[in-house]
Amino acid sequence: MARKQQQKNILKYEVTGLAMLTASALALGRLGLVGQIFAVASIYLAGSWYFLIPILVGYAALYMMIRRTRFPWDSRHVGLLIILLCFLAFMEMDFYGKTYESIPLYKAQFNALSDLRQYIFQPTGSAPPRAGGGFLGYGVFAILHALFNTPGTSEVGPRLVITAGCLIGIALALQTSLVNLVKRGTGWTEGLMGSLWQSVRSHVNVLFRSDRDTDDQVEQIPPGKSRRKKPELIVDGEVYEDDDAVQGSKAVRPQAKFEAPVIHDFTHRAGPLREETTDAAGTATAEPPLEQMGNQLVMRFPDAPLKKPTTPPQREHAPEGDYEVGTIVHDENFRLPPISLFTLPPNSGKNFSQRGAQANAQKLESTLQSFGVQARVLEISRGPTVTRYELQPAAGVKVSRIVGLTDDIALALAARDIRMEAPVPGKSVIGIEVPNEEVAIVSLREVLASPEFQKTNAHLALALGRDISGAPIVGDLQKMPHLLVAGATGAGKSVCINGIVASIMMRHKPHEVKLMMIDPKMVELSVYNGIPHLLAPVVTDSRKAAFALKKVVQEMENRYQLMAERGARDIGRYNQLLRDEGLEPLPFIVVIVDELADLMMVAPGDVEDAICRIAQMARAAGIHLIVATQRPSVDVITGLIKANIPSRIAFAVSSMHDSRTILDGPGAEKLLGRGDMLYMPVGASKAVRVQGAFVSEGEIERLVKFVKEQQHAVYTVDLNHGGEEETTEDSAGADLDALFADAVDLVVDLGQASASMLQRRFRIGYSRASRIVDQMEQSGIVGPFEGSKPREVMISKEQWLQAKSSFVRTQE
Ligand SMILES: Nc1ncnc2c1ncn2[C@@H]1O[C@H](COP(=O)(O)OP(=O)(O)OP(=O)(O)O)[C@@H](O)[C@H]1O
C-alpha cells in the first residue's frame with residue numbers, strides 16, 4: 001500500500017514539475033498564445049525583470065521533480081523571496097522617481113507595463129522603455145512609501161527599509177551571519193561573492209543529493225557549508241570555527257581525511273566553582289587568616305553558636321604515654337567546621353591550547369598511519385593532569401597493535417609518559433592519556449563544596465578529587481568498606497589521607513565518628529592529636545600499634561556481641577534500636593594506618609592477623625580501615641591483606657610490579673605523582689584516573705584548631721598499658737571503674753555478662769560498660785568473648801565475696 005502511495009506521489013511531483021518547467025520555457029521564449037499569456041503575466045508581476053518569474057518557477061519545478069517533495073517554504077526560500085521583493089521595490093522606486101510625476105502611481109505603472117509589453121511583443125528597434133518592478137515591486141514600494149516616506153526626502157525611509165530587508169533576505173538565504181561573512185573575506189565583495197558561490201553550490205548540492213536522503217536531512221545541511229567541513233573546535237557542544245586549528249597542524253603531514261574531534265575541557269565543569277570564589281590570590285600558599293573569611297559555606301547546623309569547650313580539659317597534643325580514659329562525650333552544640341577553613345581553589349588550569357590538542361590528535365592519527373594502523377581520534381578530554389585522546393580503530397585493526405605502539409606515540413607527541421586504556425569503560429574507543437604541560441591543582445575545598453559531596457547519601461563520604469572529565473570523585477568508606485592507599489614516597493599519599501580525614505571531620509561530629517590513628521613514621525598524623533574524634537592519642541610507637549589494632553579487634557567483638565543480643569545484623573539496625581530506646585548510638589570507627597610497612601616489620605603476624613580480622617568482620621560493626629604504604633611489596637601488602645581490603649588507591653609507583661601488587665594490573669607506574677592517582681573502589685572493573693584533591697598542612701591545622709576549640713579530646717581506648725610486652729594480665733589493681741564491684745555483683749548473680757546488660761542496668765554509655773567487661777575479663781571473673789553468646793562467669797558467688805574486698809580496697 002505504502003509503496004503504491006509513494007509511486008503515486010513520485011508521479012504527481014514529476015507531472016506537476018514537468019508542467020511548470022514547460023510553462024517557464026514557454027514564457028521565456030514567448031512561444032505561442034500560452035507562452036505569451038505567461039510572459040505578459042510575468043511582465044505585470046515583475047516589470048523589466050519579468051524573466052525572473054519563469055526562472056524561479058523553473059527552479060521550483062526542478063526541486064519538486066528531483067527531491068520528490070513539495071516545494072518547501074523554508075527560511076532559505078523565504079530569504080530568496082524577500083530579496084526578490086526588495087529588489088523589485090527598489091527598481092520600482094528608481095523608476096517612479098523619474099517617470100511618475102503627477103499622475104497616480106498605479107496608472108503610471110500600468111501605462112509603463114503596457115509600453116513594455118508592446119515593446120517585447122512588437123520590437124520597434126528603439127531602446128526598451130523603463131517599466132520598473134512590476135506590480136509586485138509597486139505593491140511593496142507603495143506600502144513602504146506610505147509608511148516610511150517624508151515628502152521632500154527622496155524616499156530615504158523606504159530606501160533604508162529596503163536595504164535592511166535585503167540584508168535580512170541575504171542572511172536567511174545564505175543561512176549565515178553577515179558579520180562572519182564580512183570577517184571571512186578580506187573585503188565585502190570577496191566575502192559576499194564567496195558566500196554567494198557557496199550558497200549556489202549548496203543549493204545545487206541540495207538539489208542533486210541522493211534520493212534516499214530524507215527531506216529532514218536536507219534541512220540539516222546549512223547552505224554555505226559543504227559536506228566536508230573545515231576543522232571546527234567543538235567544546236562541550238559549542239562550535240568554534242578555528243582557522244588556526246588548521247594552521248596549528250601544519251607541521252604534520254596533513255591527512256586526507258582529518259575530521260576535527262570534539263574537545264571536552266574539565267574546567268568547563270569545574271569552572272563555576274572557581275568563579276564562585278572572589279579571592280584571586282587564593283592559592284595554596286597564600287591562605288587567608290580565619291577571621292577574614294567571609295562567605296561561609298557551612299555544611300550543617302549553620303546557625304549553631306560556637307561554644308567553649310565543655311569537657312574537662314585534657315592535655316593538648318597528648319603524647320603517647322599515660323592519659324586519662326573517659327567516655328564518649330556527646331556535645332549537642334558542637335558545630336561542624338565551615339568550608340571557609342579551606343583555601344580557595346587556585347586559578348590554575350586555564351592554560352590550555354585547543355589548537356595544541358587538535359594538532360596532537362592529528363599527529364596521533366598520522367603516526368599510527370605511518371605504522372599502517374588506521375584510527376581516528378573522536379574525542380579529546382582535557383583533565384586536570386592528563387588529556388585523553390579517544391581513538392577509534394578502523395575495522396580489522398587489533399587493539400594490541402595500537403597498545404604495542406605506546407612508545408612510538410609517546411615519541412611522536414614528545415610526551416613524558418603515556419598510559420593507554422583499552423577500551424575506555426563504556427565506550428568502544430582506546431583512551432590515550434598524555435600528560436598536560438601544566439597540572440591543574442584540584443583543591444579539597446572545591447570537591448567539598450561540590451554538590452556531589454554536599455548532597456551525597458554516603459554515610460562516610462570522602463572527597464577524593466576530580467576525574468578526567470572534571471567530575472568530583474566522592475567515595476563512600478562505608479561501602480568500600482576498607483581502603484588501601486599505596487604509592488611511592490612523595491606521590492601524594494599523605495595529602496590524600498589528610499583529605500580523607502578532613503572529609504570525615506567536615507561531616508561528622510566527634511560522637512558520630514571516632515578515629516584511631518596509627519602513624520609509626522611520626523610525621524604525618526601527629527597534627528590530629530587532641531581532636532575530639534580520636535579514640536586514643538595518635539599511636540606512633542610501632543610496638544603499641546599492634547596493641548592498638550588488637551583493641552580495635554576487641555571492640556569489634558564487643559560490638560558483635562551487643563548486636564547479637566538485640567538480634568541486629570549490623571550497626572545500622574543496632575543503632576536504630578538504641579535510638580528507639582533513647583540510648584546513644586555507637587559511633588563509626590575509622591582506623592587509619594600510615595605506614596603499614598613499619599608495622600609489618602615489628603610484628604608481622606600480629607598486625608596481619610588484626611588487620612585481616614578487622615577487614616573481614618568490621619563492616620557490620622561500623623569499623624573501617626584505611627591502610628597506607630609506600631612499599632607496595634608482597635611482604636607488606638600480603639595476599640591476605642590484599643584479599644581483605646577490596647578498595648584501592650594507587651599513586652605513582654616505580655614499577656609495573658608494584659602496580660600489580662596494588663591494583664592487580666599495570667598502570668600506576670605511568671602516573672605522574674603529586675596527587676595523580678588510580679582509584680578502584682570495590683566492585684569497579686577498572687581503576688579511574690583521578691587528580692587527588694590537594695589540602696595543605698595549613699588548612700589541616702586550621703581545621704584541627706577549629707574542632708579543638710570547641711571540644712577537647714576524651715580518649716576512650718586505653719593504650720596506656722600494653723604493647724611493650726603483651727598486655728599485663730594483672731591490671732586488676734589499676735584504675736578499676738567505680739561501678740566495677742557493683743557490676744560484678746550483678747553478673748555473678750545472673751551467671752552471665754555482657755556490656756549491653758551493664759549498659760541498661762546502670763544506664764551508662766556503651767564504652768564504659770564494655771570497659772568494665774574488659775576489666776572483668778582481665779581479672780578472670782568472666783570468660784573470653786564468644787561471638788553472639790554472653791560471656792561466661794568464671795567464679796562462684798562465694799569466690800567473689802571473698803575477693804571483693806581486695807578489689808574494693810584497690811579501688812579506694
Ligand atoms: N593532590 C595533590 N595535588 C597537588 N600536589 C600534590 C598533591 N598531592 C601531593 N602533592 C605534592 O606532592 C608532595 C608530596 O606529597 P605527599 O607528602 O602526600 O607524598 P607522600 O606520598 O605522602 O610521601 P611520603 O610517603 O614521603 O610521605 C606534596 O608536598 C605536594 O607538593
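Keep in mind that glycine also has a Cβ here, set from the backbone N, Cα and C atoms.
Note that the coordinates shown come from a computational prediction; the quantities given were computed from them, not determined experimentally.
Residues annotated as ATP binding site in TrEMBL: G487, A488, T489, G490, A491, G492, K493, S494. Secondary structure at K493 (ATP binding site), as computed by DSSP, is helix. Sequence-distant neighbours of K493 (ATP binding site) (same chain, six or more apart, CB under 8 Å from its CB) are V485, A486, G487, D594, A628, Q630, F651, listed in sequence order.
The annotation domain 'FtsK' is assigned in TrEMBL to 470-660.
Taken from TrEMBL, the feature region 'Disordered' applies to 211-232.
Residues or ranges marked as transmembrane segment in TrEMBL: 21-43 (among others).
Per TrEMBL, the feature transmembrane segment maps to 49-66 (among others).
Only residues 6 or more beyond the boundaries of the transmembrane segment (78-97), in the same chain, are considered here, and those with a CB under 8 A from a CB of the stretch are 46-49, 52, 56, 105, 108-109, 112, 130-134, 136-138, 140-141, 144-145, 154-155, 158-159, 162, 165-166, 168-174. Among the features that TrEMBL reports, transmembrane segment is placed at 78-97 (among others).
What TrEMBL lists as transmembrane segment is 131-148 (among others). Counting only same-chain residues 6+ beyond the ends of the transmembrane segment (131-148), those with a CB under 8 A from a CB of the stretch are 43-50, 84-96, 99, 105-106, 109, 112-113, 115-116, 155, 157-158, 160-162.
Among the features that TrEMBL reports, transmembrane segment is placed at 160-182 (among others).
Listed in sequence order, the residues of the same chain lying 6 or more apart from S494 (ATP binding site) and placing their CB within less than 8 Å of its CB are E524, D594, A628.
Secondary structure at G487 (ATP binding site), as computed by DSSP, is coil. Other than the site residues G487, A488, T489, G490, A491, G492, K493, S494, same-chain residues with C-beta atoms no more than 8 angstroms from the centre of those residues' C-beta atoms, the ATP site, are Q630, F651, A652, G673. With a threshold of 8 Å between CB atoms, the same-chain residues lying at least 6 positions outside the transmembrane segment (49-66) that come near it are 13-14, 16-21, 23-25, 27-28, 38-39, 41-43, 80, 84, 87-88, 91, 116, 133-134, 207-208. Among the listed binding-site residues, namely G487, G492, the Cβ with the most fellow Cβ atoms inside 10 Å is that of G487. The most densely surrounded of the binding-site residues A488, A491 is A491 (count of other Cβ atoms within 10 A of its Cβ).
Taking Cβ-Cβ distances under 8 Å and a sequence separation of 6 or more, the neighbours of T489 (ATP binding site) in its chain are Q630. Take the CB of G490 (ATP binding site) and look out to 10 A: across all protein chains shown you find 12 other CB atoms.
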